[in-house]
Amino acid sequence: MAAVGRVGSFGSSPPGLASTYASGPLANELASGSGGPAAGDDEDGQNLWSRILREVSTRSRSKLPTGKNVLLLGEDGAGKTSLIRRIQGIEEYKKGRGLEYLYLNVHDEDRDDQTRCNVWILDGDLYHKGLLKFSLDALSLRDTLVMLVVDMSKPWTALDSLQKWASVVREHVDKLKIPPEEMKEMEQKLIRDFQEYVEPGEDFPASPQRRATAAQEDRDDSVVLPLGADTLTHNLGLPVLVVCTKCDAISVLEKEHDYRDEHFDFIQSHIRKFCLQYGAALIYTSVKENKNIDLVYKYIVQKLYGFPYKIPAVVVEKDAVFIPAGWDNDKKIGILHENFQTLKIEDNFEDIITKPPVRKFVHEKEIMAEDDQVFLMKLQSLLAKQPPTAAGRPVDASPRVPGGSPRTPNRSVSSNVASVSPIPAGSKKIDPNMKAGATSEGVLANFFNSLLSKKTGSPGGPGVGGSPGGGAAGASTSLPPSAKKSGQKPVLSDVHAELDRITRKPASVSPTTPPSPTEGEAS
């Protein structure tokens, strides 16, 4: 009891202890001196200091504990660091190497107390698994929560990743050589927490003292149900949380890889079976869409610090699933199997959820533009090597009339006949009325030409060449006037005869066939 006396002496007591009880429930007794040596009652003084020690220990127990740890395991690129940084509220960060250390600030508003939760992130390469000895040892084993992170943008790796990292934890725990009695106690605690899970209600107490009392009463009154055949068959003695990240990629899997709802139900059923074997919880998250990030933090502090949470299980939304440890069982997982249409329950995960074929990305060769002068010199050399006939189309030197059609000389007709290709059998037939129309046009042309020639040959009329008395034929001026007058009568008779013939046969010209100017000029 001498030690108690030394602690009770304010001269030698720590300043924190004196300041703690300056306004405590025993302040009046200390101020009145009823517990001091001047009272002369040693027994009452010893009882007083015993009460002080008990209250100090009670207050120390009511504060938030320190030394709690979260260990994150998963493949490279699964989003482990991104998840913790988002919980911390940090946008920009740098990924560590090997074993990364972070922390979470934990604040209890009811107790007005805060502490830090240690976060260890192991590299995705198995080469670094030896670093687990710095984050998970025999002393910190009881205060550690294991978080297995799965990348849902690559669901074909989900099951293998979970089994691989769970085996890494099991191997490391076995190397710690924990006494069997202590390990058995940790396993039994995990089983008890799984069996005593209760759906969160609205009347859940908020005060820490009331929480502890209510939890103890629930444990005393509740009936513990036996575990299922596949439940906690791989008990690590540690609370486990499975976090599926990048769940926003579910829509991409539907569009690009033809995933359907039954595929996602199939994936979820296998992950939930794994969680049953290890007694783990399951949360689907998305850092990109900030989905269920706060839920991960709330579940961590609930498991490590006993904070309450009022969030029930969510299984309806395929990209925001939340299944706390102790809620799930084989019957609830069987509900997912009812939606299977083309899949079967006994199908292997690797046979259904396969890795899509890798599309080879062909890198196009970067082309550097040449100098303009070098390019023009190469082009000039290429043009110089080509023969002149191949440089372009031969120019048509035949003369053209104002209408646009070339006039072919008569002398070249015979030479060009051999070069004309034969007319195909399916070409358009020649209109038989075209010849008759061309003949009548020729007659009309001859008729009007004769009129012009006769008119120019009349006395006093201008000649063709512009000289008076000049006709189409030079001999017309030498004829006597009597001969000219006698020649006019046959011309008039020819005009009347021609007009009568045209009037009697108007249908000889085809109305649909346009006159050929080439033939008229030739006649």
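Along the chain as shown, the residues are counted starting at 1.
Positions of Cβ are set from backbone N, Cα and C atoms, glycine also.
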Candidate set S13, S207, residue annotated phosphoserine in Swiss-Prot: S207
Listed as phosphoserine by Swiss-Prot, one of S458, S516: S516
Number of other Cβ atoms within 10 Å of the Cβ of G77 (ATP binding site) across all protein chains: 14
DSSP-derived structure type at G74 (ATP binding site), helix or strand or else coil: strand
Neighbour tally for K80 (ATP binding site), based on other Cβ positions within 10 Å of its Cβ: 28
Secondary-structure category, per DSSP, in which G79 (ATP binding site) falls: coil
